[in-house]
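Enquirer: Here's the feature list from Swiss-Prot:
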BINDING   His27, His84, Asp174, His178  Mn(2+) binding site
Amino acid sequence: MAQALPPLPYDYGSLEPHVDATTMNIHHTKHHQTYVNNLNAALDKFPELKDLGLVDLNKAVGTDKLPKDVATVIRNNGGGHYNHSFFWKVMTNPSNTNGPNGDVKAAIEASFGSVDEMKAKFNAAAAGRFGSGWAWLSVKPDGSLSIDSTPNQDNPLMTALPDVAGGIPLLGLDVWEHAYYLKYQNRRPEYIAAWWNVVNWEQVAENYKAAQAGTVPL
């Protein structure tokens, strides 16, 4: 089955003023679409890989399940497709975001001491990622939460890679320049701080519930 660009769960301007509509439009219809196109082109060369879903393709990165001819293409573009599909869902209109509560808040407090401390560590990971990449809040196999950053389009599902800590993602932030440069230019920390205003904590809670059941959210 061919991979497809998912529709956004909101309008391009819904995240204003924190993430601008022009950036969202270009990010979704150009950057994400390119990852989908490149991934499908790679899968066309190896039809047997089409039986793998997007999550399983990402989990296969760094293993011998992927032919060498397309391993890097799938790592970059399969990662890009998963990461962005996940990213769109963990954002929402600023009026709909109220902060974490319930089980996910308790898990954050158990792992980091407080929500504010978690945010501080997450901000540091996002701001400190040299070049392009992502910051992640993930559930580890022991049930604890951790914060990591990955380069380029790598993600916590790619556990076979030597520099990936692994886990099930709950929250992710794109810190590639194309995610923020039109509005924030080189002010990445300002973008990161603004982004918390559009985090969809209800979706994060759903992701946590899925992770507790061993399911990878997408």
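Note: Cβ is positioned from N, Cα and C throughout, glycine not excepted.
Looking at the shown structure, can you explain where the listed features end up?
Expert: There are 23 other Cβ atoms within 10 Å of the Cβ belonging to His84 (Mn(2+) binding site).
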Enquirer: Tell me, if you would, which residue among His27, His178 (binding-site residues) has the fewest other CB atoms within 10 Å in the structure shown?
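Expert: It is His178 that, of the binding-site residues His27, His178, has the fewest other Cβ atoms within 10 Å.
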Enquirer: Quick one: give me the count of other CB atoms within 10 A of the CB of Asp174 (Mn(2+) binding site).
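Expert: Excluding its own Cβ, Asp174 (Mn(2+) binding site) sees 23 Cβ atoms within 10 Å.
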